[in-house]
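Below: one structure, written as structure tokens.
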């Protein structure tokens, strides 16, 4: 394979950085002369060769694993054909083939014991989040760092340093190229995740920044703060383009709607507000919680919630968790609470919908995660997840894994089955 001139230049500089970092001075001087490298290396080449090398090894392992799974799937497919006399594509309605597949998806929830327990942070974990495309996830902590991990092997990959106080939240853009983080240092940082480098620092909040999220387009991100405001930032320039004002206390979380035209925010003032992105006006105030509202999440598949009246299947549905220990389900269009889920014995800290939308997972200070059956509006399973408060939870959309983070400074990776 022939490399383009720019690729050759990047490879040569990565090699030069490797030689310099390892003290191979004679080899470095000879290499610079032979390759005609001029000037000093940019910081973006720091450790680049090692990163590429480990990435290649990880991808090779991934390819081998996928090939093995493909072989197993082909064998299973062949055995099914032999057993029933026709292919899966020809399965008749009610034959049970698709039903079994659906049941496997429904049952794919975290099961004990934890596959891996990861340590490395020196303070409580504040957020865990899967990458939208790669087999890695990130963890944020009160130790002011963000760490990158391989969820299939449990191996540590990298540490992102730059914040000077507790990192409160992280978010990936839809492409997975950019990571946003926010901190008690009053800053929002934008990282190029492909090279693990901070490319922008966004300033403007006057207090702890507690939440950050990208709009679905990826062109803008929003942040919420203890200064009682929400700010919208243009990713390409880093400029603040809008400020949303209305909450009377610390805003704990902000989340854009699936279409990106609305924002939902929750606060210490016990309310949830729905905002128009275009006009910046608050359209609805949702009241009902009796304590701080810690977390919110939009239902991305309301049509799958067949416990609701059919007239509501196209509604905008939002779920919220509070220090009052309850989870509330809201119809945003008409501003009413549809039902309340009760079961946790302490603050509800994080809410995540299962990929198919019919289950909800919650993390709590009662040290558990709960799986809720939304059709029957009851707790389907309780998992004793950590030895201390469970602060964060995420479910992978592409692979059968879940992750949790805790005040006990550990991260657990769970198999979903």
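Using N, Cα and C of the backbone, Cβ positions are placed for all residues, glycine too.
From a predicted model like this one, the values you see are computed outputs, not experimental measurements.
Among the residue ranges 54-86, 87-119, the one that Swiss-Prot annotates as coiled coil is 54-86. Here the domain 'LisH' (7-39) has long-range neighbours at 45-50, 52, meaning same-chain residues at least 6 beyond its ends whose C-beta is under 8 angstroms from one of its own. Within the same chain, residues 43-44, 48, 51, 123, 126-127, 129, 131-134, 138, 140-146, 148, 209-214, 216-218, 221, 223, 225, 233, 235, 238, 240, 253 sit at least 6 positions outside the repeat 'WD 2' (162-203) and bring their C-beta atoms closer than 8 Å to a C-beta of that stretch. Secondary structure counts, DSSP: the repeat 'WD 6' (343-382) has 0 helix, 23 strand, 17 coil. Over the repeat 'WD 3' (204-243) the predicted model carries a mean pLDDT of 98.
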